Every structure is written in C-alpha cells, then in structure tokens.
Amino acid sequence: TFLTQQSVHSPQSSGPVAVSDTETEMAFRAHVSRRFRQSTIFVFAVVSAVFINGANGMIDGNPCSPNPCGQNTQCYVTSGRPVCSCLPGHWGNPLSYCQRGECQDSNDCPPSRACRDYQCVDVCAGACGLNADCLVRNHVPVCSCPARHTGDPFGSCRLMDPQELCQPSPCGTNTKCEVINNTPTCSCLPGFQGSPLQGCRHECESDYECSSTQSCQNFRCVSACASGVCASTANCVVNNHRAVCSCPPGYLGDPYLSCRAECLSHGDCPSGRPSCINLKCVDPCAGVCGINANCRVRDGTTAVCSCPRDMTGNPFVSCRPFDKNDLCIPNPCGQNARCEPGHDRSGKERPVCTCVPGYLGDPLTYCRRGECSSDGDCRSDQNCLNYNCVSSCSNQCGVGAVCNARNHIAVCSCPPGYTGDALSRCYSIPAPVARAFYNK
C-alpha cells in the first residue's frame, strides 16, 4: 500500500506521498539527505526494504519505478517511500493528473488579477466587506466605501446620513461644504478663490498680485478708483496701483474733497467775462473781431462783429472810414438792383439802391423782372403800368358807365336808358308822364 498526501509526516504509513508545491518538494529532498547521512543502519534498512518490496513490483528496489505518480508529475523517494509532486508550472492532483498552470507569479496575469496555485484569479473575490468597492492596484485588492457611504470597507459600508456627507469635509482649505440635493458641494469662502476641492486662497495679498489698474483691498483685487478716494465730481486715473485724482477742466477745488464748476449760468460771471460757457466764465468777444470793429454778444454766447456806421471793411479783420467810392463796394443792394452814391436824410453819404429798368421789387433784397416796359408789350385791352400789364378799363370810367378798351385806351359810355358824364356818373332817364284829356 502507498501513503496518501495527508500522511507525509507519518513514518508509519506506506505508499507514495503527494507534494503539491516546490517548497514541500525541497523539504523532502533535504529530509532524505539527512536520513541517509545519519545512519548506515537506516541505509541498510532501506536497502533491505528495497529487496523486500522488490518482490511487490519495484525495479531494483526503487519505489519510483515504475512511477506511481500521475501525468506531468515527478517522483522522489524519502524514507523508502515514493513522493509525488506536480512538475514546475503545473497544478492539480499529483497522484492522478497535473495540468499546466496559467502563471508562475502575478506578473504573468493582467493587472486586475493575481497568480494563485498557478492560476490567474480575481483578487477582489471575497476580499472586501459588504457594499464596499474593490479596486486592484498591482495585483493587490484595495477596498473602499463608495461615494456617500461610510464604515469599514473590509467589514461593511453603509449609506451616509445627509448630514454626514460633509463630515469629514471632502473640500480643501478655506472652503465650506454644503449638502445640496444629497450631494456634498464645495465652494470657496468669501474673499478666497481657487479650486474648492484642492484648496482656496486669497485673491491677493499685495498690490503686485493685481493688474496695474487695480489694488489689493481686503485680499481682493479691485479698481484703485473704486474705494472713493476721489471727490464725486473729480476724475480718477490709476498709476501703479494708486488712484490719482484731478478736477475736470473748468472745475476748481481739491479733487480729493470737492470740485466745483466756475459757473452754472451767465449770472454767475463778472462783467468782464459775462458768458458761462462749458462751466467757465469767458468773454466771447475776446480776440474775435477785427480792428475798429464793434462786438456785441448775442444769446449770451455768440460774438457778433460789425463795422461802425461811418466805417466799412471786414469786421473780422479791419474797419476804416467810408469814402465815396466805398459806398457801393461791396454792393449792399439786392439782386437785379443797382447801387449809386447818395445821401440819407441827415445829409451823410450813403449808398442808394434802385431796381434796374424793367424790374420791380425791394432793391435791398430782390428785384424781379416786370411783365412789360410799354403798352405794346400787353394785350390791346391792357396798359403797361409799373412794368405790369393791367386792364385799360381799371378805374377809368364813372359810376354806372360802361368801359370798352380799344388799342390800350379806355372808351367810356352810359348804357342805354342812362345819361350823364360817362367819366364821372351815369343817371337813369326818367319815363315820360302820361296825360289824359277829357271832353266835356
């Protein structure tokens, strides 16, 4: 009879011993070596046993011949007994059959599996606790509780209470954790910025961390002019992170306290500078008109230049006294009018404007061409009067008279039944009085 695999350490058993791994095989080799060195009596006993067992089928007293082990195995003799083990890289029952394994070590397996008994196995199988997640790293299972769960991942994970989602906080430094829709939500604290999951920091701690137009105020970059350092009516510009204040043009005062306009209306200005223009008192006539010209202010803002009455010239350049030849230069008359030297009622020399012949109208502005210059230019029943063709009978005959124009001449006559002077008045002729005669 042969020993079973469980009787490896029982010197009382007989039969082959199954060794399932290399370490046990090497242990048996060392055991056999030590036993042979310890006593020649033992060797003699083994040899004696060989001869005795040879009668039971052993060849030359070798318990491994014929090989009592299964396929893909190797046989060793220890203490006179055969020991069976699978060949390297194989696994199974060495007494019957060993099959080739998938791996020698975990490096032969995918990263998510490990080598056990020459087989690539799922290392997460049964490794983690209830409701836990398993992640394999370098063939080693890593257990963790899933999101919104807590507990021991090797024992049991449970669903967290909503108030526990932020305990401990999953957020970075300088943040706050709030549970929104059963989800922990991270945000930076006021005055901080950055990634709330990794950590938030002050937006700035010095001006040089801000743009050139901003300054660091309460750890935040803001416009240097936003702090109200300048007066409300002042201008503010930023120079090297600092606000520089100035009063606008036309304003007076301290730009850091108050800027006021020089004037708001003409009444705020002195007589020498009577007009308020763009919030400043100015003299509209200053340097505007020419030599000897007069200047007057119209509408409080507009300078009007003119030469004095006894002078002529360009009032924006120079004015000079009149002479006779200057009266009509430039021509002061209107269109289709002519200018001639003359005198006004006081006897002073003045230009005199008249419409040219054949024209009528206002010679100071415009003279229009007339319809006629003589009766011949009109119809036979019309006359030319003031360059216009008018009816020859217009206001020529008397009251009640009849007018007939012939060759531009009005012919007046009293109508039938009337008598009198047709140029002044026509009277109705009275009817004769009927007389009756009676015979007595």
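Every residue gets a Cβ built from N, Cα and C, even glycine.
What TrEMBL lists as domain 'EGF-like' is 60-99, 162-201, 324-368, 390-427. Taken from TrEMBL, the feature disulfide bond applies to Cys393-Cys403.
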Query = Same-chain Cβ contacts of the domain 'EGF-like' (390-427) under 8 Å, 6 or more residues past its ends?
reply = 375, 378, 380-383
Request  = With a Cβ cut-off under 8 Å, give me the same-chain residues at least six positions beyond the ends of the domain 'EGF-like' (324-368) that come close to it.
outcome  = 310, 312, 386-388
Key: Summary of DSSP states over the domain 'EGF-like' (60-99), given as helix, strand and coil counts   = 0 helix, 21 strand, 19 coil
Remark   = Excluding its own, the Cβ atoms lying within 10 Å of the Cβ of Cys403 (disulfide bond) add up to 18
Key: Structural state of Cys393 (disulfide bond), classified by DSSP into three states   = coil
Query = Average pLDDT across the domain 'EGF-like' (60-99)?
reply = 88
Request  = Within 10 Å of the Cβ of Cys393 (disulfide bond), how many other Cβ atoms can you find? Include all protein chains, please.
outcome  = 19
